[in-house]
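Trainee: Relevant sequence annotations retrieved from TrEMBL are reproduced here:
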TRANSMEM  27-48  transmembrane segment
TRANSMEM  60-80  transmembrane segment
TRANSMEM  101-121  transmembrane segment
TRANSMEM  141-160  transmembrane segment
TRANSMEM  172-191  transmembrane segment
TRANSMEM  211-230  transmembrane segment
TRANSMEM  251-273  transmembrane segment
TRANSMEM  293-318  transmembrane segment
TRANSMEM  351-368  transmembrane segment
TRANSMEM  374-395  transmembrane segment
TRANSMEM  416-435  transmembrane segment
TRANSMEM  441-459  transmembrane segment
Amino acid sequence: MKNTESNLGNSIESNSYKQELKRNLKLFSSFAVAFSFISITTGIFANYKFVISTAGPAGIWSWVIAFIGQLLVALIFAELSGVIPVSGYSYQWIKRLSNNMMGWIIGWVCICFLVLVVPAIDSGLAPIVASLFGLAGTPSQITMIVVATLIIQAAINIIGVKLAAFINNAAVFTESIGIISLTVILLAISLKNGNNPSILFNTANTGEGMSYIKPFMMSMLMGSFTLVGFESAANLSEETINANKTVPKAVVGSVLIAGIFGTFFLIAVTLGIKNLPAAIASNSPLPYILQSNLGNAIGTLFLIIVTISIFACGTVAMTSGSRLVYVMSRDNAFFLSNLFRKVSPKTSSPIYATVLILIFGVIATLFSSSLTTLIGVTAILPAIIYFTTIICYGLTRKKVKIEEGSFNLGRAAKPVFISAVVWLVFELAILTLPSDFHKTALVSIVLILIGFVLYFAVFKKRTEIEGNFEIEKKEAAN
């Protein structure tokens, strides 16, 4: 008896591409890319005010639910990144597992996400930078800081992946040391002062019983916005040594560590709240809590560490965005493909693709009137990407050959897939159904519809000419 298996190729050459990007990234650097993109400090600093204002301090527990759900997604992405270790992640995976149309649409959604998430990250950084320099943090000052940060991040990416990797590696150390130190110090202060742990379950009069469900679910925006980007390690597969074994470890490890660190950090910070109404009223509750517990000098030191972490997060997000533009252009599946597929022979960096992400990031910064909208959209789009990718892989997984030694879910695959799909449906409902999120849902829908229009108007014929990347089947003895 025979069964049909599919070999999707475990090298760039087997996927009909020429190796143009240098393989410099080892396991720690690959992990650093994913961990820096997740950046728990970025997500928590950007969303903590929303959480305690919407659901009270008790809203932090929604983080644990998001952590478990995203870990399920990461397990599936880890397996898939070992099966198809090529830059472009969901775009590359789906066009092989499904068809060119689905691949291109998801590629478009990924680009929209990566274009918007960089200014969203930097918008969370700007108020901290303003406070460190003693600025008032006016809208014009915030905009100037974000634009300046985008330019610096683009320059780093243009210089090359080695510099970006060095910054990411350093940021992992600073963020890890900073988060662990803050957690331990804040917990010690809370124990010394005899702080009441009941604040961890304080809803701040945002609702009780059944009426609290909505604000609690809305507070899940923090976890949904933060615990994404772990697949960025897969997006740099062509720059990773032994990618089919290295990337899966980086993907799962980054989510696991970020989720655990984030949980304890949120508990420590929340226990450190001395005046809840004042914390909620503050424009930046976390800096307020840190400085009220640690004093201005030590609080400022930790804010500098946070600044480094958030900056690295934006840098790696821009790296990921430029690589996706490069990959789609290499397939002639993007605008001005001949330009954006070019790689600098000196730096091995897709310079024009990086500049494009910079330009769109500046445009998004100048024309976006709400950080909450940016954050909301960049939480919805990844959920759509994850859901579509998992469905496509789940329908074809039995045909896929997973090489020995690669990450394999084995017998756990079915319950993991089912649980991940249930989680993503639940997450999408949370991020779109509440009236507070209708604007972000509408923006997300419009972006996807634009993608369909562009595909059928411009790129359908191009992708057909380039060829269908359906999986190749081979007969294997059973």
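Keep in mind that glycine also has a Cβ here, set from the backbone N, Cα and C atoms.
Automatic prediction, not curation, is the source of TrEMBL annotations.
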Trainee: Could you tell me what the rest of the chain brings near the transmembrane segment (416-435), counting residues at least six beyond its ends with Cβ under 8 Å?
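Mentor: Sequence-distant neighbours of the transmembrane segment (416-435): 66, 68-70, 72-73, 75-76, 214, 217-218, 220-221, 224, 376, 379-380, 383-384, 386-387, 390-391, 394, 397, 409, 441, 444.
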Trainee: Where, among 60-80, 141-160, 351-368, 374-395, 441-459, do we find the most CB pairs under 8 A to the transmembrane segment (101-121)?
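Mentor: Comparing 60-80, 141-160, 351-368, 374-395, 441-459: 374-395 has the most Cβ pairs near the transmembrane segment (101-121).
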Trainee: Any chance the transmembrane segment (251-273) and the transmembrane segment (141-160) have 3 or more Cβ pairs under 8 A, given the pairs are 6 or more apart in sequence?
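Mentor: The answer is no, given that the two segments have fewer than 3 Cβ pairs within the 8 Å cut-off.
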Trainee: Could you name the stretch, out of 172-191, 211-230, 293-318, with the greatest number of CB pairs under 8 A to the transmembrane segment (141-160)?
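Mentor: Ranked by Cβ pairs under 8 Å, first place goes to 293-318.
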